[in-house]
Amino acid sequence: MVMGLGLFLLVFMLGLGLTSPTLAQDNSRYRDFLSKHYDARPQGRNDRYCDSMMRRQGMTSPCKDINTFIHGNRRSIRAICGDENGNPYGENLRISRTPFQVTTCNLRGGSPRPPCRYRATAGFRNIVVACENGLPVHLDQSIFRP
């Protein structure tokens, strides 16, 4: 009995060792998603907001053409990946059931070289995300819904 329990624990611990990097990678991709697209309490939502946020998030060398920031709470965004606040959309994507407050920053001018200047578009939109292991890892698009 003790031998069987010891073997079980050994196999269990080896399994944890194999899955931990995968879980850590998923968490890393989720944190990257939040870094690029999440701002709980935006200050303003105008062109200056976009210039500042894009610079702060490291998207200005070279200048990124477009980026959308989602405003709200993380739990609601994560819920898109489940049935609580999301529905299947296309292949391997999920669309939010409820609209989110968002700010989309579009690069003004054509040069990808700094200084980068952005035009802000604020609104409420349903968002489409790719999920891995119940976490959003990619913002595919945002859709205005009447």
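Including glycine, each Cβ sits where the backbone N, Cα and C put it.
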>> Of the residue ranges 45-49, 55-59, 60-64, 70-74, which one carries the motif 'Nucleolar localization signal' annotation in Swiss-Prot?
In response: 55-59
> Looking only at Cys81, Cys105, which is named in Swiss-Prot as the disulfide mate of Cys50?
Replying inline: Cys105
> Which of these, Cys116, Cys131, shares a disulfide with Cys81 in Swiss-Prot?
Replying inline: Cys131
>> Give me the CA-CA distance between Cys81 (disulfide bond) and Ile127 (tRNA binding site), in Å, as a whole number.
In response: 11
> Hey, what's the Cβ neighbour count for Arg45 (tRNA binding site) at 10 Å?
Replying inline: 21
> Could you tell me the C-alpha distance between Cys50 (disulfide bond) and Cys105 (tRNA binding site) in angstrom, no decimals?
Replying inline: 6
